[in-house]
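Note sheet for the following structure.
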Amino acid sequence: MKSQNKYSIRKFSVGASSILIATLLFLSGGQAQAAEKQVNMGNSQEDTVTAQSIGDQQTRENANYQRENGVDEQQHTENLTKNLHNDKTISEENHRKTDDLNKDQLKDDKKSSLNNKNIQRDTTKNNNANPSDVNQGLEQAINDGKQSKVASQQQSKEADNSQDSNANNNLPSQSRIKEAPSLNKLDQTSQREIVNETEIEKVQPQQNNQANDKITNYNFNNEQEVKPQKDEKTLSVSDLKNNQKSPVEPTKDNDKKNGLNLLKSSAVATLPNKGTKELTAKAKDDQTNKVAKQGQYKNQDPIVLVHGFNGFTDDINPSVLAHYWGGNKMNIRQDLEENGYKAYEASISAFGSNYDRAVELYYYIKGGRVDYGAAHAAKYGHERYGKTYEGIYKDWKPGQKVHLVGHSMGGQTIRQLEELLRNGNREEIEYQKKHGGEISPLFKGNHDNMISSITTLGTPHNGTHASDLAGNEALVRQIVFDIGKMFGNKNSRVDFGLAQWGLKQKPNESYIDYVKRVKQSNLWKSKDNGFYDLTREGATDLNRKTSLNPNIVYKTYTGEATHKALNSDRQKADLNMFFPFVITGNLIGKATEKEWRENDGLVSVISSQHPFNQAYTKATDKIQKGIWQVTPTKHDWDHVDFVGQDSSDTVRTREELQDFWHHLADDLVKTEKLTDTKQA
């Protein structure tokens, strides 16, 4: 159903708009002699209908526009004839309403005596002429309009009796179209602008007369060309340059059609004056952003979720694995976003070392091609450069901070990144001095105040017996790396993050050649991987290389899903523990060191709480910087309950998981009051 819009014609304080409206309505009624001189009959017909029919103009005008590009002059003639038959009643009604609206204004403007040529010449000299200047010389145009009205009524009666004959007589010849004067071009454009004025009146009825006068301050320069605005839904009359070219040019018809189409799609023709700027500003204020900008989130600093060992983002994970952040229960990142927290899921190596993963995390946030460092690559025997990241926070620099939240090994990776940002890599600096070449900004150090908080969930800060006793066995490592080799073929979307070790088939490399090359990789005998870094020895080495930053808020969350056995001091896995962790949970539960036995299936409670060599305290409502704030252990929470990956667990509900993450995110927002360097 097409809408029937009602319009009100605005009255200007000086009467210019009312007189102009009346004149144009008279001139366009019934296609009188003045209208016959207009260029392009198809456009003249549309403008006549537009000016005469206020209530039904949308339906007939759209139909004419659809036929405009596919019909010839004969079709325009037939269309005009049909419209003349209906214009009689409509024209008389509109003329009567227009006379009533403008009765008072016409009395004030009877002193105007300039002819139409003077109007065109004056407006050409001064494009910004006041509306009062336009009033001059319109009296003659009004008289001509009245004559046109009579002629229009007579033509309408003749059209009722003999449409075909009179239609041909009323149509201007091709030669007369070419001789159309500039004033009729002005009338044609003005009719379209008058309708657009009524649209603005409908949207903003409270505009004062002064603003209306500015909006209708027209510029009828003969060299104007219609151009659409790029940033505003308004069309400036100054953009109409070069529109009125010589009527003899063969491309004139297309130019006119394009011009009228653009005028139709525009809200109103205006000049870039104060009134226009005010309207544009209001329109921009009313626009709603579909994607919240940084300032519209609760958190000023983005939250970056960093996965642990054997972690993937959905675009590169094996199909057998669940979504890392939330599993089948919920999408944690998306839920945070929907509740007003800006968050991202980092995509880094699943089996790489903490060092390699930290470098990748830096480029994931900052953007660019991963540079593991010339010295590091030479030391461990893998490629120096890795994949290229687009970057989620390209303006990341001192003073522009992020919240880093790491699950499992992700917490260690975050600590390694913070150390590199603040203190750099001495080996890389010395190597660059000796051998020359480029060095990544990450390794130069002096990049403090880029991290607001560090939060760890079930992180083995001091390593885990699971990696000591099982994960670091040669057989286990061989199986995992073989799987990585298999998924490294060029047709696989799965990415284990070991391409720097050669575990990625090249585009023009056969699979046999790829397997032979992988066998020669240094990965099989290197400690530069996640298996070693998760051992108690590897974690201790990281603890020695890292330190607490006095400008960062640290907090740890720890789970426990074991219970004491009946006849011993050993810990047994709970019934609701994630099934794949039952073996490792029982293995850790019988460790020689009793304090290490209580665990979440993969990580001992004592290892998850804080690094042994760094300061810690119990977490309270008082937020502190530069010290590990240890939250109470969450009983009956296994290693993946923090991220909701166990879909079979009925004890830990979706609502509980959602509440945990909302509380965590709200905590991060509170820390910004303490870590915001702009407020300090």
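Backbone N, Cα and C define each Cβ position, glycine as well.
Remember, predicted model here, so these are calculated numbers, not experimental data.
So that you can see what the record holds, here are the features copied from Swiss-Prot:
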- S408: active site, nucleophile (ACT_SITE)
- D600: active site, charge relay system (ACT_SITE)
- H639: active site, charge relay system (ACT_SITE)
- D638, D641, D646, D649: Ca(2+) binding site (BINDING)
- 84-112: compositional bias 'Basic and acidic residues' (COMPBIAS)
- 224-234: compositional bias 'Basic and acidic residues' (COMPBIAS)
- 82-259: region 'Disordered' (REGION)
- 1-34: signal peptide (SIGNAL)
Distance [Cα-Cα, Å, rounded] between D638 (Ca(2+) binding site) and D600 (active site, charge relay system): 4
Spatial separation of S408 (active site, nucleophile) from D641 (Ca(2+) binding site) - C-alpha basis, Å: 12
Neighbouring recorded positions, C-alpha within 10 angstroms of D600 (active site, charge relay system) - of S408, H639, D646, D649: H639
Spatial neighbours, same chain, of D649 (Ca(2+) binding site) - Cβ under 8 Å, 6+ residues apart: N576, F578, D641
Structural state of D641 (Ca(2+) binding site), classified by DSSP into three states: coil
Any further residue of that chain within 8 Å (Cβ to the Cβ centroid of D638, D641, D646, D649) of the recorded Ca(2+) site: A561, N576, M577, F578, W637, H639, V640, G644, Q645, V651, R652
Cβ neighbours of D641 (Ca(2+) binding site) where a neighbour is any other Cβ within 10 Å: 26
